[in-house]
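This report concerns only the one structure given below.
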């Protein structure tokens, strides 16, 4: 038996989903484009705008800490958030700083998923220059805010299927 999210199927399971979006605003214009695509994707799949909270952090390095804090929050002994989308940009400069920030950010976001079993999508651009960044924030390479949000939605579906054993 195969288990895969049907993008054209019944998405009622998303109606009550609560999602946190964390945006690094070091590159505000890029963050805004990623956020817009993420919000459009959530709306397209029926997630109520009132169930979406957007949090802004100074940069990508700060995203994992807030993601961990949000993932740890409970309401009636249940996770407050069903999914988290991390958005931002890290652009390579002239120093090794890029490597450190990228590695720690990616590790931190993935650790949140593993520790709290909450789909936490990595929509943080790691690029060599601004042209590549713009290309991935709605330009010639699409919008990674949309793609990360879709990954989170698909994982929400699969996690629900595994939890309820409704295959």
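A Cβ is built for glycine as well, from the same backbone N, Cα and C atoms used for every other residue.
In Swiss-Prot this protein carries:
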type     : residues                        : note
BINDING  : 26, 60, 61, 62, 89, 90, 91, 122 : 5-amino-6-(D-ribitylamino)uracil binding site
BINDING  : 94, 95, 136                     : (2S)-2-hydroxy-3-oxobutyl phosphate binding site
ACT_SITE : 97                              : active site, proton donor
Worksheet item: In Å, how large is the greatest distance between any two Cα atoms among 26, 60, 61, 62, 89, 90, 91, 122, the listed binders of 5-amino-6-(D-ribitylamino)uracil?
Response: 17
Worksheet entry | Greatest C-beta neighbour count within 10 angstroms, which of the recorded positions 97, 136 | 136
Worksheet entry | Fewest other Cβ within 10 angstroms of its own Cβ, chosen from the binding-site residues 60, 89, 90, 91, 94 | 94
Practice prompt. Rounded to the nearest Å, what's the C-alpha distance separating residue 94 ((2S)-2-hydroxy-3-oxobutyl phosphate binding site) and residue 26 (5-amino-6-(D-ribitylamino)uracil binding site)? Just drop the number here, would you?
Written response: 17
Practice prompt. Can you figure out which of 26, 60, 62, 89, 97 (the recorded positions) comes closest in space to residue 136 ((2S)-2-hydroxy-3-oxobutyl phosphate binding site), comparing Cα atoms?
Written response: 89
Item to complete: State the Cα to Cα distance, in Å, between residue 89 (5-amino-6-(D-ribitylamino)uracil binding site) and the residue listed as 'active site, proton donor', rounded to an integer.
Response: 14
Worksheet, complete the sentence: What DSSP gives for residue 136 ((2S)-2-hydroxy-3-oxobutyl phosphate binding site), in three states, is coil
Worksheet item: How many whole Å apart are the CA atoms of residue 122 (5-amino-6-(D-ribitylamino)uracil binding site) and the residue listed as 'active site, proton donor'?
Response: 19
Worksheet item: Given the (2S)-2-hydroxy-3-oxobutyl phosphate binding site residues 94, 95, 136 in the record, what is the largest Cα to Cα distance, rounded to whole Å?
Response: 23
Worksheet, complete the sentence: Rounding to whole Å, the Cα atoms of residue 97 (active site, proton donor) and residue 90 (5-amino-6-(D-ribitylamino)uracil binding site) are apart by 10
Discussion item. Please identify, from the binding-site residues 26, 61, 62, 95, 122, the residue with the sparsest Cβ neighbourhood, meaning fewest other Cβ atoms within 10 angstroms.
Written reply: 95
